[in-house]
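What follows is a short report on a single structure.
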């Protein structure tokens, strides 16, 4: 476009979920309830872990760090989406869009590394139980969590710097409900091959290497479990890892479907539904997956909030049932 007057885009318009006006208020209510559920669940986990000395162990330290991440994660996306549903205010400034993209990308990258750290914790617990407290110390846990956040936010800063240097002109309509990389680059009117290459390389590093580390940990865990002679021992070992493995499977399945496929840059409506899975639904399901069948945590929650054991299980089960009913409705 050299030699031509180029009007740079100063604001973007988020298409969101085009529906009838009446349905916008219903979607606002559904996502508001989901957002509140995420806040309540994850805050309850953080408060329970930090107030119960019986939970001052590496597994629960990682869990509380994950809960902190989930609160930040959903708070980056949902408030702007709720504003669009309620006030029909779908504009977002260029700086606001880049900021939202930066935090979203940072939190996704951080979660990848944090899940790999949690897989290592499970590996040591299953394969080296007698040396667990020697190998997985509080200092190591702090270093792993710190490395997860530092690496995630540093890599994302590089990615967003390259993306923000691209010129955007002409159409400013983002066919999405938040600022994601693919729909943003679709609006570029200058060559963005460098930004795309940098994004691909960094995404490969931060997604694939933690995934390989997680898979390697579970390969060793599987071999160790198969060597356990008793069925009861096998079941206990599997139960120790089942929650984390479920979360890893859901998280990476959604990410790989969204970004590791041909023509991912074509922003289609189906992408929005997958994005809802890992930006809104996953943060509310993760605490339930980790804690619903964890008797130790439910007992600590009972002591922390003065609830009976049956009440804790009943409220968690009711919350999961209500959430599934809400999101079984078509958007």
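Glycine residues also receive a Cβ, built from the backbone N, Cα and C atoms like all the rest.
Keep in mind that what you see is a predicted model, and the values were worked out from it rather than measured.
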Between the candidate ranges 238-258, 301-321, where does Swiss-Prot place the transmembrane segment annotation?
238-258
Per Swiss-Prot, residue 125 shares membrane side with residue 298:
yes
Can you tell me which parts of the same chain pack against the transmembrane segment (272-292), counting only residues 6+ beyond its ends and a CB-CB cutoff under 8 A?
17, 31, 34-35, 37-38, 41-42, 44-45, 63, 66-67, 70-71, 73-74, 77-78, 104, 176-178, 180, 243-244, 246-247, 250-251, 254-255, 257-258, 298, 301, 313, 316-317, 319-320, 323, 327, 331
Given the model, what does the mean pLDDT over the topological domain 'Cytoplasmic' (218-237) come out as?
82
Neighbour count, 10 Å Cβ-Cβ cut-off, for residue 189 (disulfide bond): what number do you get?
17
Chain residues in Cβ proximity to the topological domain 'Extracellular' (76-99) (below 8 Å; excluding those fewer than six residues from its ends, i.e. six or more beyond):
9-16, 24-25, 27-28, 31-32, 34-35, 107, 160, 163-164, 168, 174, 177-179, 184, 279-280
What is the Cβ neighbour count of residue 97 (disulfide bond) at a 10 Å cut-off, with all protein chains included?
24
